[in-house]
C-alpha cells in the first residue's frame with residue numbers, strides 16, 4: 001500500500017476521480033480503522049467505566065484519606081503555619097480544643113480518631129473522649145488536655161496528627177509493608193510481633209508456586225494422555241476434565257470440606273484401611289494442606305487445557321525419529337518431547353499462578369488460620385476492621401504483582417492466544 | 001498410546017504405571033464432584049457414608065435434606081403439599097428467592113456481556129483494528145485481576161452517590177450499591193472476557209470470503225452479517241454467553257461487597273450456609289448445581305461440535 005507512487009517521473013498515480021491513489025487508500029484505511037474501532041468502542045467504554053475507573057478509585061483510596069484532615073480544620077491550619085519540629089505550645093492545644101468542639105457538634109470525633117488510630121492503635125477513644133470533655137475545659141488548654149488524658153502530651157500522637165493533616169499519604173503502603181514511623185517521622189520497621197503483611201505476601205507467593213507446580217505435575221500426564229489417545233476416547237476423557245471446570249467453585253470447595261474433614265470420607269477410608277487409627281485421624285482441612293489440595297483441584301483444568309492444545313500439535317514422528325536414532329525413551333522425552341511442550345507449560349503455569357495469587361473463596365473456607373492468603377487479609381480490612389485505605393494499599397500491591405505476571409504472560413504466550421474449554 | 005512392539009520390560013512397567021497414574025489423577029478430578037451426590041441423600045446429618053448407606057439399606061437414604069431445602073424460609077413449612085404450599089414456596093422459600101435473584105442477575109448480565117462482547121469481538125478481529133493488543137488486554141483484565149481487588153474497587157465506586165434517580169422528593173443522586181442494576185453491571189464486566197475469548201476464537205476460524213461472496217451476490221453488509229456471518233459464529237456467541245452466565249451464577253465476592261441483604265443469590269446463600277453451620281442441605285444444593293453444570297457442559301460440547309461441523313472439521 002505504501003508503494004503507491006513507484007514511478008515518480010510520471011507523477012503520482014490517481015484514482016478515477018483524480019485524487020492521488022496514496023491519499024485515497026489512506027482515507028479508506030482510516031475509514032475502516034474507524035469502523036473497527038467504533039465496534040469496540042461501546043465495550044471499551046463500558047469496561048473503562050465499570051471496571052477500570054473503580055480500580056483507579058481504589059488506588060486513589062490507598063494514598064488518600066481525609067478522615068482527619070476534613071474534620072480538624074484548625075489543627076490543619078496550625079500544622080501548616082508551624083513546620084515540623086515546632087514546639088507543641090498552647091496555640092496548638094487551642095486549635096485542638098476548637099476542633100474537638102466542632103467534632104462534638106458534627107459527631108465526627110470517631111471518624112477523625114479512626115484515622116489516627118490506623119497509625120497508633122488505641123487512640124480512637126482519645127478523640128471520642130476528648131470531644132466529650134472539651135466543652136468543660138478552660139484555658140490554659142495544654143494543662144487541661146494533659147490532665148484529662150496524658151496521651152495528649154505524647155509527641156507521637158502529635159506526629160500522627162501532623163501526618164494525617166495532609167490527606168495524601170503513603171502511610172498505608174508503609175503499613176502494608178510492616179513499616180511505621182517513629183516520633184521523629186523516620187520510617188522504621190514495626191515490632192516483630194506485629195509484622196504480618198510481608199510474611200503473608202511471602203506465604204501467598206509460596207503457596208501459589210506450590211499449587212502451580214502441583215498442577216503442572218498432575219496436568220502434564222493427563223494432557224499427554226489426552227493428546228495421544230485416539231480422538232473418540234480422548235473426547236470422552238476430556239469430559240472428566242471439563243466437568244470440574246464447569247462446576248461451581250463453591251460446590252467444589254464444599255466437596256473438599258466434606259471429603260477432608262476429620263470425620264469425613266477420606267479419613268473414614270484411611271481408618272477402614274488401617275492406615276491411621278480412629279484417634280489419629282489426619283487433619284487435612286482448615287490448614288495449609290486444605291488450601292493446597294482444594295486449589296490444586298480447582299485450578300488443574302487451567303493447566304491441562306493449554307498443555308493439551310500444545311501437545312496436540314506435536315507430531316509423534318519426532319519422538320519416533322529420536323528413538324530410531326538410538327535415544328532411550330527417557331532421552332527422547334527429555335530432549336525431544338519436553339522442549340516442544342514448553343509453550344504449554346509456560347501458558348498453563350503462568351495462568352494458574354496468576355489465578356492462584358488472587359484466590360479468596362477457597363482459602364477463606366478451607367484454609368483455617370495458616371492457609372490464608374493476602375486476599376483474605378484484604379477482605380478482612382474491607383469487612384471487619386474497616387481500614388479501607390490499608391485494604392486498598394494491600395490490593396494495589398497484589399495488583400502490581402499480578403499485572404507483572406500478566407505482562408510476562410502476554411510476552412510469552414500472547415493474550416489473544418488464551419483459550420477456554 | 002498403544003505400547004510399541006519393541007518396548008523393553010522396563011518401558012512396559014513404566015507404561016502401566018503411567019496408566020495407573022493417569023487413572024488416579026482422573027479420580028482426583030472427578031471424585032469430589034461425584035461423592036457429594038450420594039451424600040446428599042444421607043438420612044443422618046453426617047458428611048460421610050454411614051454403615052447403612054454402605055450396605056445399601058434404603059433406611060440409610062432419605063430426601064430429608066432436599067425437603068429442608070424447599071421449606072427453608074417458608075411461612076408454613078409443615079402445611080400439606082397442596083397448591084397453597086407451592087405458592088408459599090414460590091414466594092417465600094429462601095433458596096427459591098436466591099434462585100430467582102441469581103437467574104435475573106445472570107440473564108441480564110449475560111445479555112449485556114454477550115451483546116457488547118460480540119460486537120467488540122467483530123471489531124477486534126478486523127485486520128485494520130488500531131491498538132488491538134492493548135485494547136484486548138484491557139478487555140480481558142477483569143478475568144486476570146483477582147476478584148477481591150475488583151470487588152474492592154467496585155465497592156468504592158458503587159457506594160458513591162452519582163446515579164441520577166427519582167427519590168421520595170423528586171430528583172436525587174443515588175448509589176448503585178444495593179441495587180440489581182449494580183450487580184448486573186458488575187457481573188457483566190466480569191463475564192465479558194469469556195465472551196471476547198470465545199467469540200474471537202470462533203471468528204478467527206471464520207472464512208471472510210463467505211461475506212465477500214454474499215456481497216458479490218448482492219447482499220448489503222447488514223444482510224451479509226445477519227444471514228451469513230451471524231449464523232456461523234452463533235455457537236461461539238452462545239458458549240461465550242454460557243461462560244458469562246456461569247461466571248455470574250457462581251460469583252459471590254462482588255455480591256458480598258456491593259449487594260444488600262435483599263439481593264440474596266444462590267452462591268451467597270451457600271457461602272453463608274458454609275460459613276455458619278454446614279449442613280447436608282448444602283450438599284443437596286451442590287448436587288442440583290452439579291446437575292446444572294453437567295447440562296451446561298453438554299450444551300457447550302454440542303455447540304462446539306456443531307461449530308466444527310459447520311466449519312468442515314470433523315471431530316475424528
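Note: Cβ is positioned from N, Cα and C throughout, glycine not excepted.
TrEMBL labels come from automatic prediction, so no person has curated them.
Here the structure is a predicted model, which means the values were calculated and not measured.
According to TrEMBL, the features are:
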type	residues	note
TRANSMEM	B:16-41	transmembrane segment
DOMAIN	B:99-300	domain 'ABC transmembrane type-1'
TRANSMEM	B:103-124	transmembrane segment
TRANSMEM	B:136-158	transmembrane segment
TRANSMEM	B:178-203	transmembrane segment
TRANSMEM	B:232-258	transmembrane segment
TRANSMEM	B:278-303	transmembrane segment
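If you look at the transmembrane segment (B:178-203), the same-chain residues 6 or more away from its ends with a CB under 8 A from one of its CBs are 101, 104-106, 108-110, 112-114, 116-118, 120-122, 124-125, 136, 139-144, 147, 150, 154, 158, 233, 235-237, 239-241, 243-245, 247-248, 251, 254-255, 258-260, 262-263, 307.
The transmembrane segment (B:103-124) makes no contact with the transmembrane segment (B:278-303), as judged by fewer than three Cβ pairs under 8 Å among residues 6 or more apart in sequence. Under the criterion of 3 or more C-beta pairs below 8 Å, with sequence separation of 6 or more, the transmembrane segment (B:16-41) and the transmembrane segment (B:278-303) qualify as touching.
Residues 120, 124, 175-177, 182, 186, 189-190, 192-194, 196-197, 251, 253-254, 256-258 of the same chain lie 6+ residues outside the transmembrane segment (B:136-158) yet bring a C-beta within less than 8 angstroms of a C-beta in it.
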